[in-house]
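Trainee: Dropping a structure here in structure tokens format, bear with me for questions.
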Amino acid sequence: MKKTEMGRFNISPDEDSSSYSSNGDFNYSYPTKQAALKSHYVDVDPENQNFLLESNLGKKKYETDFHPGTTSFGMSVFNLSNAIVGSGILGLSYAMANTGIALFIILLTFVSIFSLYSVHLLLKTANEGGSLLYEQLGHKAYGLAGKLAASGSITMQNIGAMSSYLFIVKYELPLVIKALMNIEDTNGLWYLNGDYLVLLVSFVLILPLSLLRNLGYLGYTSGLSLLCMIFFLIVVICKKFQIPCPVEVALMANETVNGTFTQVALAALASNSTAADTCRPRYFIFNSQTVYAVPILTFSFVCHPAVLPIYEELKSRSRRRMMNVSKISFFAMFLMYLLAALFGYLTFYEHVESELLHTYSAIVGTDILLLVVRLAVLVAVTLTVPVVIFPIRSSVTHLLCPTKEFSWFRHSVITVTILAFTNLLVIFVPTIRDIFGFIGASAAAMLIFILPSAFYIKLVKKEPMRSVQKIGALCFLLSGVVVMIGSMGLIVLDWVHDASAGGH
């Protein structure tokens with residue numbers, strides 16, 4: 001048995017306590033958005049972590065060590081919140097603008113509850129299946145196909161997360177440079193071109209960090225990312241009371257440098273009856289962009305590959321205790337997402353872009369507070385991308401050459417290839433909305449709906465197929481298939497419609 005598997009379980013009838021062997025080598029959680037786990041095994045080589053497990057490890061022989069867990073309840077809540085929150089928060093106002101307040105709250109509630117239910121399935125499957133690694137559960141349940149499905153979904157989700165982070169660099173870094181250098185005319189300036197800047201940041205800053213064999217700053221990155229998002233939320237709430245409605249007023253005020261529009265004229269425009277209609281919130285909206293709402297929400301709630309490592313580190317671990325951690329974390333993120341979406345929508349209404357932070361620059365320009373937010377978010381995402389690259393590279397390494405010794409050449413080639421591929425996506429994919437939509441409808445749906453329920457049905461033997469629990473898991477799996485196929489189909493139709501409209 002590998003160290004990445006649990007040796008034995010001692011589950012009480014109420015499943016409130018468990019004792020198992022743990023992975024002494026494991027020092028790194030699968031980051032879905034931000035890395036979630038502040039592990040105290042930071043000196044172990046991450047390249048030796050078995051992200052894509054092989055049934056035969058060849059030369060490597062492991063002994064099973066008992067590790068009781070040392071992370072407090074509160075820190076576990078913090079770590080799981082880190083794993084949940086990510087760049088998806090920037091797209092939630094766009095989702096609300098295309099669903100309406102009431103429909104968005106309904107969808108947000110259902111997605112958060114379903115995500116929490118899938119955590120319940122995952123924890124129970126881990127107890128019964130005897131493994132704390134997502135891919136290994138897939139291997140135990142369905143062999144190589146299950147392992148590849150889990151690894152592929154995690155890799156796709158991480159590539160989507162990387163792409164969204166680099167999209168933020170592409171959108172926001174030119175605005176920061178423009179504000180710091182006080183540049184008015186941007187025509188022909190290469191250093192204000194987002195495509196050039198994302199390449200520059202990727203290969204000058206991100207690549208050297210990604211080539212490291214250890215990420216000692218992992219825990220700091222996690223904390224910084226969550227703090228940046230909290231700061232972002234505070235600014236969104238404050239700006240709601242500073243930006244006039246309709247936003248055309250702010251646009252004219254922003255574009256007028258010679259005082260052409262007086263305050264009286266601006267007030268008259270704001271009182272226009274037609275403009276006032278745009279400042280009335282809508283509760284149910286159905287349009288061609290509504291289809292992106294569910295994928296954006298599922299993308300925003302993916303944290304499941306990080307749940308098991310956090311569970312492993314939890315002091316006095318039990319499934320019930322970990323579920324309490326999950327409930328608090330999901331409820332906190334539910335409130336954070338709802339507030340960010342609501343105040344962003346009530347600030348810009350139908351003018352919300354797919355990346356909320358960029359909307360502020362388009363409407364009101366840049367002030368000191370927004371500049372600080374942009375700098376904080378840019379630093380956070382730049383430091384997080386190398387963290388996300390690690391599990392992708394490890395999965396590729398263990399898939400292509402699991403028994404070979406470490407090679408700097410192979411390590412570097414895989415890293416550069418991953419980074420180059422992600423940069424191509426960021427340069428040629430039109431908007432961050434497409435990343436949120438595609439990854440949310442595919443990989444996120446797999447990780448939240450399909451895989452946990454499929455693993456549960458296969459590995460939890462003590463419950464018959466006709467039991468309420470198994471029937472519920474089966475219905476959950478089928479709902480995930482419907483969400484995936486339905487969302488992907490509608491998104492592709494929207495892409496085709498946009499392409500045909502652009503061609504005319």
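The backbone N, Cα and C atoms fix where each Cβ goes, glycine too.
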Trainee: Same side of the membrane or not: does Swiss-Prot put Lys178 with Trp495?
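Mentor: Same domain label for Lys178 and Trp495.
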Trainee: Out of Asn272, Asn324, report back the residue that Swiss-Prot marks as N-linked glycosylation site.
Mentor: Asn272
Trainee: Based on the record in Swiss-Prot, give the one of Cys228, Cys279, Cys303 in a disulfide bond with Cys245.
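Mentor: Disulfide pairing in Swiss-Prot: Cys245 with Cys279.
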Trainee: Flag the pair the transmembrane segment (189-209) / the transmembrane segment (370-390) as in contact if three or more Cβ pairs fall under 8 Å (sequence separation 6 or more).
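Mentor: In contact, yes.
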Trainee: Does the transmembrane segment (412-432) come near the transmembrane segment (291-311), with 3+ Cβ pairs under 8 Å (pairs 6 or more apart)?
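Mentor: The answer is no, given that the two segments have fewer than 3 Cβ pairs within the 8 Å cut-off.
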Trainee: Tell me if the transmembrane segment (471-493) touches the transmembrane segment (77-96). I count contact as 3 or more CB pairs below 8 A, with pairs 6 or more residues apart.
Mentor: no
Trainee: Can you see whether the transmembrane segment (159-177) and the transmembrane segment (471-493) are touching - at least 3 CB pairs under 8 angstroms, only pairs 6 or more apart in sequence?
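Mentor: With fewer than 3 qualifying Cβ pairs, these stretches do not touch.
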Trainee: When you scan the chain for residues with a C-beta under 8 Å from the topological domain 'Cytoplasmic' (456-470), skipping those not six or more beyond its ends, what do you find?
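Mentor: Cβ under 8 Å, 6 or more out: 121-122, 124-125, 128-129, 137, 140-142, 477.
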Trainee: For the transmembrane segment (103-123) and the transmembrane segment (471-493), check the count of CB pairs under 8 Å (sequence separation 6 or more) and say whether it reaches 3 or more.
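Mentor: Contact confirmed: at least 3 Cβ pairs fall under 8 Å.
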